[in-house]
Amino acid sequence: MPTLKNPIHFSSIQDAEVQLETNIQSGLSVQSAHERISEYGENRLESDAGVSAWKIFLRQVSNAMCVVLILAAALSFGTTDWIEGGVISAIIVLNIVIGFFQEYNAEKTMDSLRSLASPMAHVVRDGKSETIESRLLVPGDIATLKTGDVVPADLRLVETINFETDEALLTGESLPVIKNAQVVFDMNGDVPIGDRINLAYSSSVVTKGRATGICYATGMSTEIGGIAASLRQSNPILSQKPDPDEENYRKNLRNYRFQVFLYYLKRILGLNVGTPLQQKLTVLAYVLFIIAIVLAIVVMAAHTFHVSNEVSIYAISLGICIIPESLIAVLSITMAKGQRNMSNRRVIVRKLEALEALGGVTDICSDKTGTITQGKMITRRVWIPSFGFLVIETSSPFDPTIGTVSIIHQPMEASTNVENQKPQEMQPLHAFEELIPALKISSLCNLSSVQKNQEGDWVAKGEPTEIALHVFSSRFNCGKEELLKEHRPLREYPFDSELKRMAVVYQEKEGKPEVYAKGAVERVLDRCETIGGLPLDNEKRNLALAQMETLASQGLRVLALAKKSIENLGDWEKVPREDVESNLDFIALVGIYDPPRIESKGAVKLCHRAGIRVHMLTGDHPETAKAIAKEVGIIPPFISDRDPNMSWMVMTGPQFDALSDQEVDHMKGLCLVIARCAPQTKVKMIHSLHRRGAFVAMTGDGVNDSPSLKQADVGIAMGLNGSDVAKDVSDIVLTDDNFSSIVNAIEEGRRIFDNIMKFVLHLLISNVGEAILLVVGLAFRDIHHLSVFPMSPVEILWCNMITSSFPSMGLGMEKAQPDVMERLPHDNKVGVFTKGLICDMISYGFFLGVVSLMTWVVIVYAFGTGSLGYDCNSYYHDGCREVFRARSAVFSVVTFSVLIMGFEVKNFDNSLFNLDGIPWSEWNFRYFFKKLTENRFLASSIVLAFASVFPTIYIPVINSDVFKHRPIGWEWGVVAVAVILFFIYAELWKFIRRTLSNPLAKGRLRRTLSRTITSESKLSEADLEKRLFLQSRTK
């Protein structure tokens, strides 16, 4: 970092500017910024430096599957079976290498995707405002901050307007700290970090106001960087070591040591690493490992515990066959691929857990502005009590020179219905007397900017509502830049989500200070004493509210404008906000139109077809919210305004908050629209949904949305207009702030979940079949009464690692099934291991074991002599001819059957010949071939795995010494019959599933089969309508 003569908080603004060699007005040049980033490095903590290769390598070595293989290799070498041990060792190395590079690339991809959602910094460079990634900030940069921002680096403040930051992360202080850029501390004093109010610290959160500051420290040189460095020097577990002076020290020390041992043991075994699904699969691996040990004991017990090399080899074979060695690697690759697909669909996944959870979302709680609607607002109507209406028609949200302005003269006492009056176009545009106060409030009580860029196009920055007001005032040449020539800002009271209003104090060159306020109509009216200069009695108040209802019913977002003159009170920082915002004069109502996104209606309809309820939680007026909700289909078209169900479908935040939990739980259904929604209302809504058994996704963009994003099962932040705090607590970030992107994410989540079920089933089928084959195979004894395995360990490894792994990776890349968004959400509590999946696994696996045993018996006993020779588990000789040929046939049957299942599990219900279940009248061979080959990776891996069988059988030495089998001839006929039988059984089982898989059918088997995948819980239109709009309470 730059060397400073004095600590920065002792330096004045001018001294800091000189010492850091920058310019407060124009900032650094782009070239200087590049030079400084080369000199000082990126603005990031070293703990965020990226992906650790050695940690990934350790995870590959220490996962359960690899541990089993290492033990198997050790046992093989221990029994002097060098070839088998060498093959297993080669597979271990191959598995580690492939897994390492796949996971390393996946981690790098995730790291780069996370950086897309990283906090941004607003800086001035070469005199222009820019938005850059925080990591590119350098000492000397001029940074601007506003409410909701995370401070990107340590800053010396140069300008503060009602500016406060939350520094609890750094100092532990629970209350926000009021900052003042003008303060310069005495060099003789010792100023603690929390008292340096002229500084803003990295990672603190802006809770109020705006500020500008000079960056003086970045990365590990910041105050928070110093804390990070000290934390990295000691393990967090070791920091919990008990104090020798405390009571029961020895007991606590023993507990501490046990906890440390347990933690590191779980880390080594992978039980507390990864996503919940990855942890479940790791647990599964160790359960299977225990089963493998039990089966090995069974093998030894079958030989009365006379453990020879032959018995050990058989035990190794049985232990290996039960473990799906490639399951964890395939899952990691699938999840990483899914994350990349999400990014292509404008969704950044910050936490992998969200990928698993998205498919189970039952309710979406979404904001309206900018998510369901376009967020590009246009001031459409203005009502001035003493004048009438202004009607603005325009196609551009930013260009004040486009469009027309018409007027409707109407006395304050006239009817609120102005539809029958024809507007008269105003030519030329001019700011008449009654309009000027509204124009001033629209411009000055505003933080946005509207201007032409170098190319001559109109551009705007700021919140969409404020941009709409600013563009409106600019039509009459009353933009903020023009007014600031005659007006001086004295105080700003930023928008408060609780108060729902904003106010500023300005003073003209020759005049008294004036308060300008805007906000929610009810909240502004509560602070008004007059309307258009006349006393605000109940009649006029009701008239204003009636005009608001009229505008809101047209789908307009309605704001109120008010003002008053005030005496100059000197130190405005000490003046209470309530005193300033009192006794106001009501000036106007402004109706702002935010058109729904074109795709929102279709996305809401798709959610309803998928059994997902959509709730709109917005700060708008109830009528505005209801109009937009009807337009996009959140409120169904068959519900009229007079329908009794409308009373619970649309509520205001205060109405909902006033209900007790018991009253909410006894409502016919939870609100589809909550207007005037406060942050605590969103949290209450989530808790209410959770009590009904819902799995909730919640959108949010502001600091005050953080609690609800944390409470939701899936927190969704806005990437364009969201605050850094909201992004930081979210699970996923929408890069386009579009509601349809949420639906895309859910569809992708369902696709990933389906694919995980497919490859899990595919991998476990072969394990079950091989286990049955080898357990029953204990009965096949040679002349020394030792069991002869029908499949050798290397054959099993080949089937599990080569035959199954790559098709399973292909299954992880499968496209979404056509009905993926026509099913009810899956139950995240159950996960992938549903009763239906287990039923399928046992069914297919059992019959695979049966046809494999049939193949063995037919070749050895029906067409052979029935002699199993001796030492046929160790090496080949003439007495093992029938055994080795039978192994080749069994190996081929298992391999080909598993490959067939690679195609069959593409759809759990439909026939392989008609995977999409189209009418047979539309079926043709071209369709069949296209469905089989559309996933090229899957098709190619199956073809290559099929072809790989023949070299292993016919290449000398490799066949007899490595795989323990021999070339075959007529036995191919037996293989063909067995494979055809397995294929027929698979099709028959699917037919049974299609016949029985009705979620409403009676009988345990029917209900079990209906909860597997594709035909899962599809409802009729009437039942779906009842679920969505008249849902009953479920515990």
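One-based numbering along the chain as shown.
The backbone N, Cα and C atoms fix where each Cβ goes, glycine too.
Note that the structure is a prediction, hence the values are computed from the model and not measured.
Lifted from TrEMBL, the feature list:
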DOMAIN    7-81  domain 'Cation-transporting P-type ATPase N-terminal'
TRANSMEM  61-79  transmembrane segment
TRANSMEM  85-104  transmembrane segment
TRANSMEM  283-305  transmembrane segment
TRANSMEM  311-336  transmembrane segment
TRANSMEM  759-780  transmembrane segment
TRANSMEM  844-864  transmembrane segment
TRANSMEM  937-957  transmembrane segment
TRANSMEM  969-988  transmembrane segment
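In terms of DSSP secondary structure, the domain 'Cation-transporting P-type ATPase N-terminal' (7-81) contains 49 helix, 1 strand, 25 coil. In this chain, the transmembrane segment (311-336) lies in contact with the transmembrane segment (85-104); the count of Cβ pairs under 8 Å, excluding pairs fewer than 6 apart in sequence, is at least 3. Long-range neighbours of the transmembrane segment (311-336) within the same chain, counting only residues 6 or more positions beyond its ends whose Cβ lies under 8 Å from a Cβ of the stretch, are 63-65, 68-69, 71-72, 75-76, 78-79, 81, 84, 88, 91, 95, 98-99, 102-103, 105-106, 109-110, 275, 277-278, 281-282, 284-285, 288-289, 291-293, 295-296, 298-300, 303, 352, 355, 752, 755-756, 759-760, 763-764, 767, 770-771, 773-775, 778, 786-787, 789, 791-793, 796-797, 800-801, 804-805, 808-809, 812-813, 873-874.
Long-range contacts of the transmembrane segment (759-780) within the same chain: residues 288, 295, 298-299, 302, 314, 317-318, 321-324, 326-327, 330-331, 334, 787-791, 796, 799-800, 803-804, 807-809, 811-812, 832-833, 837, 840-842, 844-850, 852-853, 856, 860, 868, 890, 894, 897-898, 901-902, 905, 908, each at least 6 residues beyond the stretch ends and with a Cβ under 8 Å from a Cβ of the stretch. Averaged across the domain 'Cation-transporting P-type ATPase N-terminal' (7-81), pLDDT in this predicted model comes to 80.
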